[in-house]
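Take a look at the structure set out below.
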């Protein structure tokens, strides 16, 4: 197919010119001729240095050794700084430490966005506050996350110490403790290697997360008696009270979980009961509808039977006077049965309703009605023919009463048979129909 392409496209498939051959510029290494053959190093051994005069080899420092050296140097520098600051640190002569130390409360782990007014609102519930000192960084001016609150009465400080620990302020739970710098002998702050708690002892397996204000092992080992023996007893009682409170909280949580489970099971049972009740109500509604449909069907059949009886009676009334040669009755002209007959307004309205209902039925119901009406019509025609033959042979029955009063079930059957000889009323439209030929 390429021969049918235009020349401009065929030029794209044309082969290029062959590559010209050019001789190499120089010979390959194996083609070169060496004037001086290779030789060993034996002639040069005497030029080497004597191993006994060589200096010892130098060993380079590895990465792990370098990191360990820097860590040791950092620790040494920090120890020197701590020793220098310890010589200068005197909490009793600190200008920022003012007021009574036994009325001052230490609050740590404070949110950096918490203001002094917020702290005052939270801690004034335990008693009137005399002064609040929030600690800020000297370099950046930002808050350090702890403060000192001085109460006017010592009992208020004790109340806050017992009840305010772990209180959530601005999304963080604060740590509340007494001021130990001026009340505990040999006390040192955290920045100088002291403090309480175990959050900075080492790794995750050594550190602890709970509050360290009850951990007195850090300063009990130091020489000198504790200046607050009654506070130690209070601390022990407070620890026992908190343990009991934790047990009560756990028991309360277990009861709540059990009650939640019971409520959940009760809700599930209620839901099942409501579902079953809805199903039962639906079944009752369906049964009620079936009953109402059956009752309506029975009522309809009863009405049709009465209409047939009434229509059959009217036909007999019209036939007997004609046979006897009498004049028509006074109720109206021939073909009418009075105001209550099949041609009356009430009967016509019932016929229209009946036709409307029948038009809404299904095809199966209409077919069944047609078959039933056809059978009934055929039977009535046969009975009417037999009754006519009997009357012709007997020659009587012309003056018989056509009323239905006082007739039993046998009388009604005879009435229907006698009236079916000459005609009957059709259940579809109420008009007088002729009987079937014999």
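Quick reminder: no glycine exception, Cβ is built from N, Cα and C everywhere.
As recorded in TrEMBL:
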type: COMPBIAS; residues: 60-79; note: compositional bias 'Basic and acidic residues'
type: COMPBIAS; residues: 192-201; note: compositional bias 'Gly residues'
type: COMPBIAS; residues: 207-254; note: compositional bias 'Basic and acidic residues'
type: COMPBIAS; residues: 255-268; note: compositional bias 'Basic residues'
type: COMPBIAS; residues: 269-286; note: compositional bias 'Basic and acidic residues'
type: COMPBIAS; residues: 294-310; note: compositional bias 'Basic and acidic residues'
type: COMPBIAS; residues: 345-393; note: compositional bias 'Basic and acidic residues'
type: COMPBIAS; residues: 394-409; note: compositional bias 'Gly residues'
type: DOMAIN; residues: 103-181; note: domain 'RRM'
type: REGION; residues: 48-79; note: region 'Disordered'
type: REGION; residues: 187-438; note: region 'Disordered'
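For the domain 'RRM' (103-181), the model gives a mean pLDDT of 92.
With DSSP classes pooled into helix, strand and coil, the tally for the compositional bias 'Basic and acidic residues' (294-310) is 17 helix, 0 strand, 0 coil.
The residues of the region 'Disordered' (48-79), classed with DSSP into helix (H, G, I), strand (E, B) and coil, number 20 helix, 0 strand, 12 coil.
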